[in-house]
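Heads up: the structure comes next, in structure tokens.
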Amino acid sequence: MANDSLTMRVRAALSAVANPRTGRSIVADGLTQGLTVGADGAVRFAIEAPDSAAAESLLEEAKRAVAAVEGVTRVSAVATAHRAAAQSSPSSGGHDDPLSVRKRARIDKASDSLPGVRNVIAVASGKGGVGKSTIAANLAVAFAERGLATGLLDADIYGPSLPTLFGLKARPALRDGKIVPLEAFGVKAMSIGLLVDPDKALAWRGPMVMGAVRQLMGDVDWGALDVLVIDTPPGTGDAHLTLAQSKKLTGAVIVSTPQELALADVRRGVALFRTVNVPILGVIENMAWLEGPDGTRSYLFGRGGAERSARELDAPFLGFVPIFPELREASDTGAPLIAHAPDSPAAAAIRDLADKLATTLNP
Ligand SMILES: Nc1ncnc2c1ncn2[C@@H]1O[C@H](COP(=O)(O)OP(=O)(O)OP(=O)(O)O)[C@@H](O)[C@H]1O
């Protein structure tokens, strides 16, 4: 119970810090959020400062107070919504307004907005590095090629990849209090990586992640879209729950690799979305094999694990994407493969998936 008593002492130290607006304790005023105290004495929390002028000094004061507590080995704290909201362009901020969009008097529950978006597809994976972002980006371009008005939202807070995949660097503009998505390869695109510092996002607790995802959905001016593809963070967590709760989700696509281990990943993903009644539109097995010049296939990561998992879970299996070195090369050039090498077998494999998926969308 040593940790409990450390938590109490940390809380007491924070309670001694006063809200300059009211003179009361910042804890009593509810300005501290997401306090966690690790077994190793690492403390994390967020401060929601009452105004921009107070944010920096309040954060420093709170960090100093916590660092002085015996047993605390490390303090990480993040900035506030209000401080950032006072700036004129999107930048990193706190958890209620992590994207720092200046709020209008009343914004609908963002997750229930997206009025002009007919379909929202979440692309998810049990773990990182399976090609989820690559598939999501290429699917979006393939949808656009089919004539669907398409958006791509990179909500992978911990490792945003759209700026690299689509070669997007420009900081998005604000129009009427909404973020204007960038346009690339026929797709309206927005990445959390263009709005927040990923290093800061790493320290975010659940509520901040949820706030960020809600904002990305609600504060971006998506306009009328046939389909919005969302690249979600790897694993199953707060971002997925936020999306699932939004009621806007048409369904989820799970990307996995063939290893037997993938079975557990796929099962987790399927279970999460099913728990919240989000249909599984399909499972994709990526990096399925490498084809040699003579057409022989090497199954580097095992064979058919994701396909088997899908069958066992009674989820639709959408297809295989082999290992195509050109997929990686295209991503490195800042153009998704389907645009970079439209006639390649890899592009054909992605188009095939997009065709299958398109049949599951609302017209
Ligand atoms: N089928 C494929 N063939 C060859 N390379 C691939 C394939 N799919 C993905 N890659 C490459 O694998 C790497 C990881 O892909 P990607 O970033 O899309 O994975 P991810 O699941 O989104 O990872 P994270 O969520 O951790 O960002 C990238 O370099 C990508 O170009």
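For all residues, glycine too, the Cβ spot is worked out from N, Cα and C.
Small disclaimer: the values here were computed from a predicted structure and weren't measured.
Summarised as a single figure, the pLDDT of the domain 'MIP18 family-like' (9-76) averages 83. Residues or ranges marked as domain 'MIP18 family-like' by TrEMBL: 9-76.
Here TrEMBL flags Gly126, Lys127, Gly128, Gly129, Val130, Gly131, Lys132, Ser133 as ATP binding site. Other Cβ atoms within 10 Å of the Cβ of Val130 (ATP binding site) number 25 in total over all chains.
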Taking a cut-off of under 6 Å between Cβ and any atom of ligand 1, tell me which of the binding-site residues Gly126, Lys127, Gly128 pass.
Gly128
Based on Cβ atoms within 10 Å, give me the single least packed residue among the binding-site residues Lys127, Lys132.
Lys127
For Gly128, Gly131, listed as binding-site residues, tell me which one has the smallest number of other Cβ atoms within 10 Å.
Gly128
For the binding-site residues Gly126, Gly129, which one has its C-beta crowded by the most other C-beta atoms within 10 angstroms?
Gly126
Hey, for the ATP site built from Gly126, Lys127, Gly128, Gly129, Val130, Gly131, Lys132, Ser133, who else sits with CB inside 8 A of the CB center?
Ser125, Pro234, Val255, Thr257
Counting only residues 6+ away in sequence within the same chain, which have a CB under 8 Å from the CB of Ser133 (ATP binding site)?
Asp154, Asp156, Gly159, Ser161, Leu162, Leu165, Asp231
